[in-house]
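Here the structure comes first, spelled out in structure tokens, and everything after it is commentary.
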């Protein structure tokens, strides 16, 4: 028995080997070939992107190509796409020696994730039972980007502590879990969540936190010297913040109904974001004796209003209600960075590199419950009878659902998202504990040189050494 325990301990505690020359190419090649095969079997163009569009127009009395959904959705798709690849990527460049990993691995996760998302979401939402095919168009691309966002949020909690192979595993399971919880929340529970406070932010945040908790590193202090920013890295991260901040109204309104719903979602998000900036600056300044601002707060908590507005964005929350949401979440998120993150690390052994709990998990949960309250309080005098049906899709089997019941299901959807994130993240974390993924040692985290050729940095160091000896 003792020998068996020694073998298990030796297996899980053996020295780290960060050589991913075999494992990373193998995963990328095999999984990409699998995507090609699965796309060949299942994925086809929908009627608005197929060459038969001319016949479709004639059969449905469509007089202009402008009525193709591409022209309505593509501007929003562009904005969301920039958020995924530029916004999220540059937001993760704040670490002094992990900018390549922040942007590069974000690129890798999103590129694989969007392919797997088209399949997973297609199987759950748009599989044609007659043909067995998934038909995709521009809205499918937007939803695939949304799906990737959950895994990118989870990456924020793991930044600098995991290998690219582990990130591919996180994305594989993250997209799968996302598709399942999204189907339960949006289809079975019939919740409304246009901007994804529940299905994207609450799920992605708690998914990453659960993985990080399972992968707790008791000796991570050995890399403490690199777990921080320098002037230029914070400037690059601020680029990500500004892209996210500017395009978040598109994110929350991208898949809402054409017309008033999309218009209202953009306005509500715009106002909530503006409000969260002022309260973030206020709390950040108040937290320091000299009144100086902390760039971590400005990079992250200023976005909390957009996260919290995701669910209620298309509801009649009113413009001043949007300002209240941004006002409160800016305060809550900044306090999270000041007090909750240190508490979680000290007492719950939760190492959250980017503070996704404060930007995504907590505001996402609050956004879900805000949506539940606003839905339950909806009245015919505010929405009109047709407006209630349109906003909450009270049609078909849900035609007799009341606003109070809808509010209850909205709250239940939030709980489902959190449960999927926590349970799914714990299981994936246990899988990632198996010592075959090439993750870095405790004294080698937050360093690009583990997985990247950093020639410029090496040349700079050699130049400094030569200059020193010359003088």
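Each residue, glycine too, has its Cβ placed from N, Cα and C.
Those TrEMBL annotations? Automatic predictions, nothing curated.
Values in this document were obtained by computation on a predicted structure and should not be read as measured data.
When the ranges 228-247, 388-407 are checked against TrEMBL, the one recorded as transmembrane segment is 228-247. Of the candidate ranges 46-64, 198-216, TrEMBL annotates residues 198-216 with the feature transmembrane segment. Feature annotation (TrEMBL): of 267-286, 447-466, the stretch labelled transmembrane segment is 267-286. Counting same-chain residues at least six beyond the ends of the transmembrane segment (298-317), those with a Cβ under 8 angstroms from any Cβ of the stretch are 91, 94, 192-198, 200-201, 234, 237-238, 240-241, 244-245, 248-249, 251-253, 256-257, 261-262, 264-265, 268-269, 272-277, 280-281, 283-284, 325-326, 328-330, 332-334, 336-337, 354-355, 358-360, 363-364, 366-368, 370-372, 374-375, 378, 382-383, 387, 391, 410. Fewer than three CB pairs closer than 8 A are found between the transmembrane segment (165-186) and the transmembrane segment (267-286), and contact between the two stretches is not assigned (pairs 6 or more residues apart). Proximity of distant same-chain residues to the transmembrane segment (136-158), defined by a Cβ-Cβ separation under 8 Å and at least 6 residues beyond the stretch ends, is recorded for 43-46, 48-49, 69-70, 73-74, 76-77, 80-81, 83-84, 88, 91-92, 105-106, 109-110, 113-115, 117-118, 120-122, 125-126, 166-167, 170-171, 174-175, 178-179, 182, 196, 199-201, 203-205, 207-209, 211-212, 215, 254-255, 352-357, 359-360, 425.
The stretch in closest packing with the transmembrane segment (361-378), judged by the count of Cβ pairs under 8 Å and taken from 80-98, 198-216, 323-340, is 198-216.
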